[in-house]
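These features come from Swiss-Prot:
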BINDING   Asp12, Ile13, His14, His38, Ser39, Asp60, Ile61, Gly62, Thr136, Thr137, Asn138, Glu139, Arg146  4-CDP-2-C-methyl-D-erythritol 2-phosphate binding site
BINDING   Asp12, His14, His46  divalent metal cation binding site
SITE      His38  site 'Transition state stabilizer'
SITE      Thr137  site 'Transition state stabilizer'
Amino acid sequence: MTMSIRIGNGYDIHRLVSDRALILGGVHIPHELGLLGHSDADVLTHAIMDAMLGALSLGDIGHYFPPTDPQWAGADSLVLLSQVNELIRTQGWRIGNIDSVVVAERPKLKPHIKTMRDKLADILQLEPNQIGVKATTNEKLGPVGREEGICAYAVVLLVSSDEIS
C-alpha cells in the first residue's frame, strides 16, 4: 500500500560541558556551557534529521554520519541536515511541516527561536511557518533539569512529491 504522507519522530540529548559552543537549530547561543558530541552536537537539528529518516524507515543519523567516522568530527549539523533533506527528496518526499521542542533549564531560548526557524527553513527549502520550534524546561527534574544536558524532540510530516505536483 502506498501512502501519500508519512510521520516520523526524533529525539536527541547531549551532555553540557565547558569549552564547547552551544549550537541549537544552527544558531550559536551565548552560554557558559556547550553540548558535547562528535559533531557540533546540535540536538534540535539531530532530532529533526532522525524524524525525517524515521518517517521513511531509513534508519537514524548514526547510520549516515557515524560518530566513529573522523570525517564527521566537528561537523556542522546544518550541512548534515541538507544531506538528509536531499536524501528524502530523492526518495520522492518533501517536508509538509515540522514541530519540535528543545528542553533546557538555561539559557532562555525564546529570543533565539525566530533565528532557528529561519535557518532551518533556509536549509530545508521551507517557509518558516512550516517549522515549529518551542522551548521549555524540565522543571529541574532529571539530567536536563539538573543542567547536565539539553534534549530535543521533533515530529516531521512528509508528503509524497506526487501530492505536491
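Keep in mind that glycine also has a Cβ here, set from the backbone N, Cα and C atoms.
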Whole-number Å distance separating the Cα atoms of His14 (4-CDP-2-C-methyl-D-erythritol 2-phosphate binding site) and His38 (site 'Transition state stabilizer') is 10
One of the binding-site residues Ser39, Ile61, Arg146 has its Cα closest to the Cα of Thr137 (site 'Transition state stabilizer'), namely Arg146
Between the C-alpha atoms of His46 (divalent metal cation binding site) and Asp12 (4-CDP-2-C-methyl-D-erythritol 2-phosphate binding site), the distance in angstrom, to the nearest integer, is 6
Checking the recorded positions His14, His38, His46, Arg146 for other Cβ atoms within 10 Å of each Cβ, the smallest tally belongs to Arg146
Long-range Cβ list for Asn138 (4-CDP-2-C-methyl-D-erythritol 2-phosphate binding site), cut-off under 8 Å, min separation 6+ in sequence, same chain only, gives Val103, Glu105, Val144, Gly145
